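Chemist: Quick paste of what Swiss-Prot says about this protein:
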type: ACT_SITE; residues: 145; note: active site, proton donor
type: DISULFID; residues: 26-41; note: disulfide bond
type: DISULFID; residues: 35-47; note: disulfide bond
type: DISULFID; residues: 40-54; note: disulfide bond
type: DISULFID; residues: 59-63; note: disulfide bond
type: DISULFID; residues: 101-163; note: disulfide bond
type: DISULFID; residues: 175-183; note: disulfide bond
type: DISULFID; residues: 282-314; note: disulfide bond
type: DOMAIN; residues: 24-65; note: domain 'Chitin-binding type-1'
type: MOD_RES; residues: 67; note: 4-hydroxyproline
type: MOD_RES; residues: 69; note: 4-hydroxyproline
type: MOD_RES; residues: 71; note: 4-hydroxyproline
type: MOD_RES; residues: 72; note: 4-hydroxyproline
type: MOD_RES; residues: 74; note: 4-hydroxyproline
type: MOD_RES; residues: 75; note: 4-hydroxyproline
type: SIGNAL; residues: 1-23; note: signal peptide
């Protein structure tokens, strides 16, 4: 009997040690990170959907009923506008309002700043180097998704980010049967906005997280610039196991497991490309799409006055698996 008690006590202590060693998942305890799939963020910084997470007095953000409380700015943070000014935004996305660009007049600095207020950890976590790299990485990845540049384009190919708004060609409806995220009649879930979010199973949880019904109104991502930026920031800040969030990677919070190291997934910009589209672009040696992302990143780091860091490529990384965007590329 004493042995049983000792074993039970040991198990309990081991569980508590594991819990204490785990990093919080959301809210002010996690740099303003948001819970995935519409889960509530508890006052202690954990994601869930029971009363302990969502109930009055227990929920700090993404709570049911009413507006989402804004977590306080995390330590080491600060005003996003002090890192990227309106003039820098215009310099980075120099040709976004070119007459040839579908997104002319849509993507604005004010819309970006307003959207970022819903994700207070973005661009405000860590030291100045981490903050600048996050902004450079976010705009590099989204610029690749929306680029209108070409090799001999005026000012170079990396001055043409945010040219496109909707997926080009003749996209399908991207509707996958789902009981949780059912497709609305007549709606299409092709790529839209900075990150080109696609599929009903992404529009659904994204809409829930930002407080908009995107299943019934997917084109809000292409008609409301604040919602458009929020869709990209939601993707950026949201982890999808086994993948970390892009945010956690670029600020240095993510630490690779033994499995990640065996797959050559080491902290740096390359892992973010793996998160976004690793199934098609990573582990293939030199890939022009990966190099395009890196080209944008290097340019934006130069404008922001920060070094790009290490591990920019994913050519020798094994993929995490299918990304949110893999079927749209």
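Numbering starts at 1 and runs along the chain as displayed.
Glycine is treated like the rest: Cβ placed from N, Cα and C.
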Chemist: Here the disulfide-bonded residues are 40, 59, 101, 183, 314; which one has the lowest number of other Cβ atoms no more than 10 Å from its Cβ?
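Modeler: Lowest Cβ count within 10 Å among the disulfide-bonded residues (40, 59, 101, 183, 314) is 101.
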Chemist: Give me the count of other Cβ atoms within 10 A of the Cβ belonging to residue 35 (disulfide bond).
Modeler: 26
Chemist: Please state whether DSSP places residue 54 (disulfide bond) in a helix, a strand or coil.
Modeler: helix
Chemist: Between residue 26 (disulfide bond) and residue 101 (disulfide bond), what C-alpha distance do you get in Å?
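Modeler: Here the two Cα atoms are 37 Å apart.
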Chemist: Just to verify a number: CA distance, residue 54 (disulfide bond) to residue 145 (active site, proton donor), in angstrom, no decimals.
Modeler: 35
Chemist: Considering the disulfide-bonded residues 54, 163, which residue's Cβ sits among the greatest number of other Cβ atoms within 10 Å?
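Modeler: Of 54, 163, the one with the most crowded Cβ is 163.
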Chemist: Taking each of 35, 47, 59, 63, 145, 183 in turn, which of these recorded positions have a Cα lying within 10 angstroms of the Cα of residue 41 (disulfide bond)?
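Modeler: Matched recorded positions: 35, 47, 59, 63, sequence order.
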Chemist: Please list residues from the chain of residue 47 (disulfide bond) whose Cβ is under 8 angstroms from its Cβ, counting only those at least six apart in sequence.
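Modeler: In sequence order, the residues whose Cβ lies under 8 Å from that of residue 47 (disulfide bond) (at least 6 apart) are 25, 26, 35, 36, 39, 40, 41, 53.
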Chemist: Averaged over the whole of the domain 'Chitin-binding type-1' (24-65), what is the pLDDT?
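Modeler: Averaged over the domain 'Chitin-binding type-1' (24-65), the predicted model reaches a pLDDT of 76.
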Chemist: So among the disulfide-bonded residues 26, 63, who's got the most Cβ atoms within 10 Å?
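Modeler: Of the disulfide-bonded residues 26, 63, the most buried by Cβ count within 10 Å is 26.
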Chemist: Kindly report the helix/strand/coil residue split of the domain 'Chitin-binding type-1' (24-65) according to DSSP, in that order.
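Modeler: Going by DSSP assignments, the domain 'Chitin-binding type-1' (24-65) contains 10 helix, 10 strand, 22 coil.
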Chemist: Nearest to residue 59 (disulfide bond) by Cα, among 101, 175, 183 (disulfide-bonded residues)?
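Modeler: For residue 59 (disulfide bond), the closest Cα among 101, 175, 183 is found at 183.
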Chemist: For the disulfide-bonded residues listed here (41, 175, 282), which one has the lowest count of neighbouring CB atoms within 10 Å of its own CB?
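Modeler: So among 41, 175, 282, the disulfide-bonded residues given, the one with the fewest Cβ atoms within 10 Å is 175.
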